[in-house]
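Down below is the structure, laid out as C-alpha cells.
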Amino acid sequence: MERWPWPSGGAWLLVAARALLQLLRSDLRLGRPLLAALALLAALDWLCQRLLPPPAALVVLAGAGWIALSRLARPPRLPVATRAVLITGCDTGFGKETAKKLDAMGFTVLATVLDLNGPGALELRARCSPRLKLLQMDLTKPEDISRVLEITKAHTASTGLWGLVNNAGLNMVVADVELSPVVTFRECMEVNFFGALELTKGLLPLLRHSRGRIVTVGSPAGDMPYPCLAAYGTSKAAIALLMDTFSCELLPWGIKVSIIQPGCFKTEAVTNVNLWEKRKQLLLANLPRELLQAYGEDYIEHLHGQFLNSLRMALPDLSPVVDAIIDALLAAQPRSRYYTGRGLGLMYFIHHYLPGGLRRRFLQNFFISHLLPRALRPGQPGPVHDTTQDPNPSPTVSAL
C-alpha cells in the first residue's frame, strides 16, 4: 500500500486538549500508567501511518486516545462531609497511616488499638485532630468487641457510621504445615476471621442505615497457596470468601464491600526481626522430637533466614494501600478488589494461567527453604518415630 502523507497532529491535538482539561479538573492520574498509554498511542500512530488512509487513521488514533484518557480519569468521589469511619488495628502499619490520612481529610475516625499507651496510639494523639477517637480492642475478646460496638453507636449517633475498615491482622508462624502447631491456625482465625466477622455483624445496622462501605485488608496468601504461610493464608481466604458473600447479600441494602490485596510492604509487624526470632524459638521449643529430627533444626533456621531475606524487598511506602482504602470508602463505584504492590500482576497471572507444575515451582521459590529436611538428605537416617503424644502447647499471643 502506498503510504499516505499523515498529518497526525490533529489527533494528538485532540488528545492533548482532553488531557489538559482533565489536568485542570484534577481528573487525570499521573505516573507510569499515563506514560504507558502515551507509548502505546505513539506505536499506534506509527502503525496508522503505514496501514490506514488519513481519515480512518485520524478516527482510530483520536478514539484510542479518548478511551485511554477516560480510563486514566480519576473516578468520581463522594464528599467527606461529616462521615465517620471505624478502623481496626491502628497501632502500626496500614491502620495507623489510614487513620492519619482520613483524619486530615476531615473524617471522624474511630481507631482501635491494642495498647492505648503504645507508640502507635501516642503518635495518633499527637498528630491527629480531636475528632479522632482511640478505642482499645483485642479482637480475640468478645467483651472488647461488644464495648467498641456500644461506643461506636453512641459516638456516631448524630453523624451515622459510613465505613468499617477491617485492617487488624495476625500471622503467628512461618513454617511448613506439619511444623505449625494447630493453635497457630486457631489464633490466626480468631483475629483475621472470627473477630472481623463479629465486629462486622455488630455494625451492620449502622451501615445499613447509612448505605455505607465495608473495606477489608486481605492478602494474596489467601488466594495462592504460599508455602509456609498456611495458617495466615487460610484465615485470609476465609475472610475474603465471607466478604464476597457480604457483597452479594448487602447489595440490596446499598452497602458496597471491597477487599484490599496488598503485596509485601514494610510495616512494623511484618519487619519486626526480634518478634520473628521469638516466634521461631517458640516453635523450636514446642516441636515434638520426631518432627525436629525429621526436619532438622538447621532446616527451620534456614527457612527463618530465607523469610527475613525476602522482607528486604518490602516496599517502605504504604501510600498505595492507604489510597486504595480511601478509594474504596469514597469512590462512587468502588472496586470489589484492589491489588496494590510490586509484582502482584505477574504473580496472579502465573497462578491463574500457567500449568499446575509451573505454578508450584514458582511458589516454591517465593521464599521457601531450598534446604531439604534432614530425613530427605542423602546418607541421612530416616525419622525416629516418637510414641509419646505432644499437644504442641503454645501460649496465646494477642493480635499485633
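Placement of Cβ uses the backbone N, Cα and C atoms for every residue, glycine included.
Computed from a predicted structure; not experimentally measured.
According to Swiss-Prot, the protein carries these features:
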- Tyr232: active site, proton acceptor (ACT_SITE)
- 82-111: NAD(+) binding site (BINDING)
- Ser219: substrate binding site (BINDING)
- 389-400: compositional bias 'Polar residues' (COMPBIAS)
- 378-400: region 'Disordered' (REGION)
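All features noted in Swiss-Prot, drawn onto the structure.
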{"residue": "Thr82", "record": "NAD(+) binding site", "DSSP (3 states)": "coil"}
{"residue": "Cys90", "record": "NAD(+) binding site", "DSSP (3 states)": "coil"}
{"residue": "Thr98", "record": "NAD(+) binding site", "DSSP (3 states)": "helix"}
{"residue": "Gly106", "record": "NAD(+) binding site", "DSSP (3 states)": "coil"}
{"residue": "Ser219", "record": "substrate binding site", "DSSP (3 states)": "coil"}
{"residue": "Tyr232", "record": "active site, proton acceptor", "DSSP (3 states)": "helix"}
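Neighbour density around each Cβ, counted as other Cβ atoms within 10 Å, peaks among the binding-site residues Thr82, Thr98, Ser219 at Thr98. Restricting the recorded positions Leu86, Cys90, Leu102, Gly106, Leu110, Tyr232 to those with a CA within 10 Å of the CA of Ser219 (substrate binding site) leaves Tyr232, listed by sequence position. Cys90 (NAD(+) binding site): 30 other CB atoms within 10 A of its CB, across all protein chains. With respect to Tyr232 (active site, proton acceptor), the closest of these binding-site residues in Cα terms is Cys90, chosen from Thr82, Cys90, Thr98, Leu102, Gly106. For Leu102 (NAD(+) binding site), applying a Cβ distance below 8 Å and a minimum sequence separation of six or more within one chain yields Val85, Ile87, Val109, Ile326, Leu329. Proximity of Gly106 (NAD(+) binding site) to non-local residues of its own chain (separation of 6 or more, Cβ distance below 8 Å) is seen for Val80, Ala81, given in sequence order. Between the candidate binding-site residues, Leu86, Leu110, the densest Cβ environment within 10 Å is the one around Leu86.
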